[in-house]
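Visitor: Quick one: this structure, given as structure tokens, is what I'll be asking you about.
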Amino acid sequence: MFANSSANTTSTNSSVLQCPDYRDTHRLHMVVYSLVLATGLPLNALALWVFLRVLRVHSVVSVYMCNLAASDLLFTLSLPLRLSYYAQHHWPFPGFLCQTSGAIFQMNMYGSCLFLMLINVDRYAAIVHPLRLRHLRRPRVARRLCLGVWALILLFAVPAARVHSPSHCTYKNITVRLCFESFSDELWKGRLLPLLLLAEILGFLLPLAAVVYSSGRVFWTLARPDATQSQRRRKTVRLLLANLIIFLLCFVPYNSTLAVYGLLRANLVKNSIQDRDQVRGVLMIMVLLAGANCVLDPLVYYFSAEGFRNTLRNLGAPLNTRPLATNGAAGVLTELPSESTQNTGQDATSQVLLQPATLGTPPDNCSQDSAL
């Protein structure tokens, strides 16, 4: 209850609004985020360790997955702050931590959308245009694209942090600090709505369009009668389907509801207080789905990357029975091959790309990039 935070509050003044009753929402968030923290933190920490220490992140898709795991791990590390707030119904920490925590959530959500987009686009380039776009499928290019994604989400994190300053309300003659909620109408009508719409376009709509288009083209190409039939093809399809499911389950519901809520709060659509409250109630559930993406992403690594899966299996094997570790360049994460089905010449080139790279192959060689 709000009264639990009395030790951290100050006396009120008449200009402070009465606190809305968010206790039921806070309890729900505390339960779900506790589960996300308990599962997402070890899973993503383990995934990051496997990518960096065991597989050495030599292939293009593993570069993207490594950065996705880093983004998810950063979000899970911020969850204890949220859990403390939801338990006390009051923000007991300095204001900049509220701003930082709110910005990290936005960074993770839009960063995840962009990294998943890069994974899908890489599969599109490998399967639909293996010759024309092979110059883009190099680890060096992948690392630069990931740096660009981090730069973009950090750029948006600055205004996101500014709008996440704690707000104040009163409960039984004490002042309570709210975080992540109760943005004022003036803020929505000012800089918050334009920032939201820009982030939705660059961080959600464009990645969603790219994921849907690239997945559709890959599925169409692999469904042709002359397509290469292989287990690797099925694993490629499985990876793209997993990315689509994450988008449709985690990101589409939240971002769609958030856009509607923003339009209502900015009074761009005629509405009543009851309409706002109903949409906000839906939004508070959808935000939990968005946060759950950091639990689903490690499952994608496990079921779509054979090298990742074998590494986890070997962790439990006796030391003298474990296979020799590879350097990430040969035989590692080899299930997302470049399969060409456009013509005989392209198919021959694609089959060359399917071969594991030799230990002497330079890291930026395209044959090395063909494997995840």
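Cβ atoms are placed via backbone N, Cα and C, with glycine included.
Pulled from Swiss-Prot, these are the listed features:
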type: CARBOHYD; residues: N4; note: N-linked glycosylation site
type: CARBOHYD; residues: N8; note: N-linked glycosylation site
type: CARBOHYD; residues: N13; note: N-linked glycosylation site
type: CARBOHYD; residues: N173; note: N-linked glycosylation site
type: TOPO_DOM; residues: 1-30; note: topological domain 'Extracellular'
type: TOPO_DOM; residues: 52-59; note: topological domain 'Cytoplasmic'
type: TOPO_DOM; residues: 81-100; note: topological domain 'Extracellular'
type: TOPO_DOM; residues: 122-140; note: topological domain 'Cytoplasmic'
type: TOPO_DOM; residues: 162-191; note: topological domain 'Extracellular'
type: TOPO_DOM; residues: 213-243; note: topological domain 'Cytoplasmic'
type: TOPO_DOM; residues: 265-280; note: topological domain 'Extracellular'
type: TOPO_DOM; residues: 302-372; note: topological domain 'Cytoplasmic'
type: TRANSMEM; residues: 31-51; note: transmembrane segment
type: TRANSMEM; residues: 60-80; note: transmembrane segment
type: TRANSMEM; residues: 101-121; note: transmembrane segment
type: TRANSMEM; residues: 141-161; note: transmembrane segment
type: TRANSMEM; residues: 192-212; note: transmembrane segment
type: TRANSMEM; residues: 244-264; note: transmembrane segment
type: TRANSMEM; residues: 281-301; note: transmembrane segment
Visitor: With DSSP assignments reduced to helix, strand and coil, which class does N173 (N-linked glycosylation site) get?
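Guide: Reduced to three states, the DSSP call for N173 (N-linked glycosylation site) is coil.
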Visitor: Which listed range (31-51, 60-80, 101-121, 141-161, 192-212) shows the maximal number of Cβ pairs under 8 Å with respect to the transmembrane segment (281-301)?
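Guide: Answer is 31-51, with the largest number of Cβ pairs below 8 Å.
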Visitor: Does the transmembrane segment (141-161) make contact with the transmembrane segment (31-51) through 3 or more Cβ pairs under 8 Å, each pair 6 or more apart in sequence?
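Guide: When sequence-distant Cβ pairs are counted, the transmembrane segment (31-51) does not touch the transmembrane segment (141-161), since fewer than 3 lie under 8 Å.
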Visitor: Mind tallying the topological domain 'Cytoplasmic' (122-140) by DSSP state, helix then strand then coil?
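Guide: The topological domain 'Cytoplasmic' (122-140) comes out at 11 helix, 0 strand, 8 coil.
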Visitor: Can you tell me how the residues of the topological domain 'Extracellular' (265-280) break down into helix, strand and coil by DSSP?
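Guide: So the topological domain 'Extracellular' (265-280) is made up of 9 helix, 0 strand, 7 coil.
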Visitor: For the topological domain 'Cytoplasmic' (52-59), give the DSSP counts of helix residues, strand residues and coil residues.
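Guide: For that range the per-state counts are 3 helix, 0 strand, 5 coil.
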Visitor: Mean pLDDT across the topological domain 'Cytoplasmic' (213-243), rounded to an integer, is what?
Guide: 81
